[in-house]
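Database features (Swiss-Prot):
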SIGNAL    1-16  signal peptide
CARBOHYD  20  N-linked glycosylation site
DISULFID  37-38  disulfide bond
DISULFID  88-120  disulfide bond
ACT_SITE  107  active site, nucleophile
DISULFID  144-151  disulfide bond
ACT_SITE  224  active site
CARBOHYD  250  N-linked glycosylation site
ACT_SITE  280  active site
């Protein structure tokens, strides 16, 4: 009988370890421009879909700001580096995420989550799914649906000059504006994209942290009118000084010089390319369930 308490302790430890081992990996989501964390017709619906497909899963849909209104506003007007920092703090302070998480980003939320992976390795991001992201930036002002005051304001400011300091520091889309005809200006003035793509100062921690991913899934929309060029969703982009030529990922300097680890990820079979027929973020439920959730989140 003297061993009975010890056996009970061992049983309790084993049970706890089993529960931790079988617990579903939690999910972090980051929405796109003009959206918010909890819109029942967009992110709220996606969150519900994850919860239906993965019983018991914890889903954290990031809200950047003190309110839904602020969250939407920050999709247009903010310093992206500050948003990424805020996201890192939220993720680190969420006890449900302490053992790691899978992530899915929609539109600009995709490259923002990549920045989280590169800058904030604790807790660890396991898989990153990018849905219509702009990883090499855009060279085309965002398409505005209807009379959207914030979106139309962004277009006017970018037309004024994306690399002007007061525009660059305040307009989110300007911070991943990539002008192939002003490459040096882009490298010098871009406060976000040029940094996370290691265009100037080679930050080895960015590469090391991104290489810790198990999978990087890149989803491109074949009729995308929002992401220009749409190949940016696959890390492709215009050739410097030539907007008539689009280079695929493996022909870009970002890949060939392996600045952030793309080449190594690719050669190790951890980058997965998906293309979807449709316009920006028009992903069928069946594709989201069968080709993304069941493959990379379960």
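Cβ from N, Cα, C; glycine included.
The Cβ of residue 120 (disulfide bond) has 18 other Cβ atoms within 10 Å, all protein chains considered. For the pair residue 151 (disulfide bond) and residue 88 (disulfide bond), the Cα-Cα distance reads 26 Å. Here the candidates are the recorded positions 88, 120, 224, 280, and by Cα distance the one nearest residue 107 (active site, nucleophile) turns out to be 280. Looking at residue 88 (disulfide bond) and residue 38 (disulfide bond), their Cα atoms lie 19 Å from each other. Put simply, of the recorded positions 37, 120, 224, the one whose Cα is nearest the Cα of residue 250 (N-linked glycosylation site) is 224. Residue 37 (disulfide bond): 20 other CB atoms within 10 A of its CB, across all protein chains. For residue 37 (disulfide bond), the nearest neighbour among the recorded positions 120, 224, 280, judged by Cα separation, is 280. Taking the Cα of residue 120 (disulfide bond) as the reference point, the closest of the recorded positions 38, 224, 280 is 38. Residue 88 (disulfide bond) falls within a helix when secondary structure is assigned with DSSP. Cα-Cα distance from residue 280 (active site) to residue 224 (active site): 5 Å (rounded to the nearest whole number).
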